[in-house]
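Taken verbatim from TrEMBL:
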- A:18-38: transmembrane segment (TRANSMEM)
- A:44-66: transmembrane segment (TRANSMEM)
- A:78-100: transmembrane segment (TRANSMEM)
- A:106-134: transmembrane segment (TRANSMEM)
- A:170-192: transmembrane segment (TRANSMEM)
- A:212-238: transmembrane segment (TRANSMEM)
- A:258-277: transmembrane segment (TRANSMEM)
Amino acid sequence: MSALGGPKQTAGVQPPTAIGIVLSIILIVAALGLAYYLVQMAGVIAVVGIIIGGVLIAFGVHFVPVGGAPAAMGQSPGIATGVAMLAAGAGLAGLFGGAWAAPFGFAVALAGGAVGGGLLMAITCTMVNVIYIFGMGIPAASGKVDKDPITGDTFPEYKSQGTEGHGLPFISWVGGVVGGALGGLGGTLIYLELLDVYQAQLPVLLNTTVEQIAPVAISLAGVFAIAMFLINAVLAAYNITGTIEGPHDPKFKRFPRAIIAAAVASAVAGIFAIGLLELVGVF
Amino acid sequence: MEEIVFGIGITALAGALATVAGAAEDTESDIGSQGDPNSQVQLAPQMGYIHRIFNKAVAGEPPAYGLWVALGAGLAWAFMAMQINPILAIVLGSALAVFVQGVYATTAYLGRTASLAKFGQPVYIDILKSMTTVTMAHAFVAIFTTVAMCHLMISALGHPFPLPLLGLVWGIALGAAGSATGNPFYGKERQYQEQKFGAGVPISASGNIVRYAEAGQRNSLDNGFFSAKLGGPASGICFGLIVFFELWRTVVFEELNIWGPIIVGVVVILIFAIIDRYIEVWARKNFGPYTTPEEASS
Amino acid sequence: MSVKIEVGAGGIPHNQILIYGLVGSLVLIYLTYLNTYFQTEYFAFFGGLAAVVALLWGTDTIKHLCSYGLGTGVPSAGMIALGSGVVAALFGATTGPFAPIVTIIIAAIIGAVAGLMANAVVRMDIPVMVVSLIELAIVGAMTVLGLAAMACGTFEFLGMITGTVTFLGFTMLTYETSVIGGGIIAVIFMLGAIAIQHPFNACLGPGEQQDRTLMLAAECGFLSMIPVAIISFAFIGAYAALIALVISIIGWLYTYQQYIELSKRDAYAWLDAQPIMEPEEGGA
């Protein structure tokens, strides 16, 4: 993505405002109430599922090590691309696996989605290190911490002059895989919840069988899952102002803010996605 | 059993198509300086380094490829709905998607360069004429192979998503894999090949990209052939492995146990963790510390 | 790295563009309702024109929002716009003739929530954030609704999920060959997401000029209409789709040519096969 200097990169964590918190609680409660009013208990379960899915996505984005434009020059550690879109790539690959496994049940589909996202990030992160090491001769070094929390490697002496570190240290690799897995899990969860709702409602509404309506239900659930994924991923990207090294980065501590924001945004978008079919044929 | 053998064949074919797609995608984006290395091409004139590099900032690679592939898939789907043969439909759809890509490439170059008038960066029309066509050719390869791969996943392996939705999913994944793997190689090794090898580009050198070639002035085709040496193939392997393992674990192990694909997926992730750790340690041992720890701590 | 987002000053005030964009896209999208009224499909192209007008407005909004520096790329603003927009547009579509108005209201709600979350919880503290995300969500929703209406001739949900298939001379009703069932909505989603962010992303820099950026926005809109017109051959009559295709190509050729003229006007120099012109006094 374009490298655009953020406003307050180094500022400490500013807690959410009181109005923000109150508003968040009101909106979530309102969404749950509306869901109960529209689709009864199934609706509440679906909204809760969507909120959890959105929270997992936003939390997952914080794990993905993304260095943005400086990473492409070996000036800062992480993967050289935009955080929202890299997370989307992993999450959607997970969605691919999860949707494929959907007929085998909830648990298998969710696990399939998580593994799919994790697999994409595992391969991508490994290839990033292959390029750094065998293509550019640069060892991995973090700029934010002196010691890898997992392996105990020290970094300052491997950091080349005039940079903030480079490559993907092992902790960032693990963060990438965890982030991809959480993204895949969250995306698949949203997809499955919506699919359940549509598969229950559409045949009744249009007086057809589940098989006939499957393409519409799958497409609607898929498009909404992608849309909510992107909303949550972008909100999380705003929270970390573009770049992060992984779970060891001080910016990681900002995650509670993104979780609240994602929960509310998912609840509001989710209630419209669930209530979608209630108005068909009314007008 | 026969079904599994058929599935493995499709998996291998899809993996091969994905490999070609990844290689073409990275070479295309490097010729156009799309993605993160774009920031340096944009920065150079502001630092007084006028250049003749193609600067096509359509969007980041993942969203851009999300569109190209989804568009190719959507058009192919529409042609198939009009009863056109699938292969012809995919070719036509990809060709039309490449037309859109080419137009976006030209408007991006003109827009960015015209906005740099203050720094004396002229618009070189010959860049548009010669490079856009080359990026379009590479983009066609990437789009066609990815759409064909998605079509295989639906028609041969029975994935429930419709073709355009699958195109969107794999297009974004293609852009993510290609930009992650290929960008540093172009950004550091090519744009800043005059800087020290084996070290990151010092922040003070930002914008001082290489503008002259072995003979004459460097243009983006020179960057394309450089990327095709390592960055492109590596991106291809990356995306190929992703697609292959994603399909292979499902096709082969789903028959044994519904949890089979998941266990195999976790095992594959662990294997990649070992590979990654091995090369990381190898690099630390062989490239050695730049400074002794005492100095660095100051 | 240190590329600052700079925008040119002057031009048409944003509020004026906002009103023209909102009213224009609403009127144009309602013109596709003539299809239902006259039982034809020839008015489908108005949906595409609604998307063009909405994109013009969205481009100006993105310019205002991104001049604050979001810390992440311009494209992400397009993604959140269309992500909110597609939910609102499909929800709105279920309300029949009221679809465009309901879509605007729902999009405003989702956009407002996203904006409030970004400002009050994530603490972006950008003054125009809430208003901008409301505008962007509406633009995204109108783009999706407009292009979807262009593809299948109506902005009503039932029209979007049903299609016909002619097989051996028999015409059958099917849910698979439809804008939503076939996943065409995903193509429309991405067409909008790139078209909304591209004009500003492509033109940003110290020499940015509003007329050039907006001309590019119109060009992106017409360019997005071309593939949708081709796809619409699968859903609506050949003549109706042909009219849409011809209109999109004419609009695109005109705006593209105008954009090149404006770029020529703003460029430092317009050279063909010339060497690098080194600055004379060592750096600008």
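Cβ atoms here come from the backbone N, Cα and C positions, even for glycine.
For the transmembrane segment (A:18-38), the partner stretch with the most Cβ pairs below 8 Å, chosen from A:44-66, A:106-134, A:212-238, A:258-277, is A:258-277. The transmembrane segment (A:258-277) makes contact with the transmembrane segment (A:44-66): 3 or more of their CB pairs lie within 8 A, with pairs spaced 6 or more apart in sequence. Away from its own ends, the transmembrane segment (A:78-100) comes close to residues 1, 57, 60-61, 64-69, 71-72, 109-110, 112-121, 124-125, 128, 168, 172, 176, 179-181, 183-188, 191-192, 218, 222, 225-226, 229-230, 233-234, 236-237, 240, 242-246 of its chain (Cβ-Cβ under 8 Å, at least six residues beyond either end).
In this chain, the transmembrane segment (A:106-134) lies out of contact with the transmembrane segment (A:212-238); the count of Cβ pairs under 8 Å, excluding pairs fewer than 6 apart in sequence, is fewer than 3.
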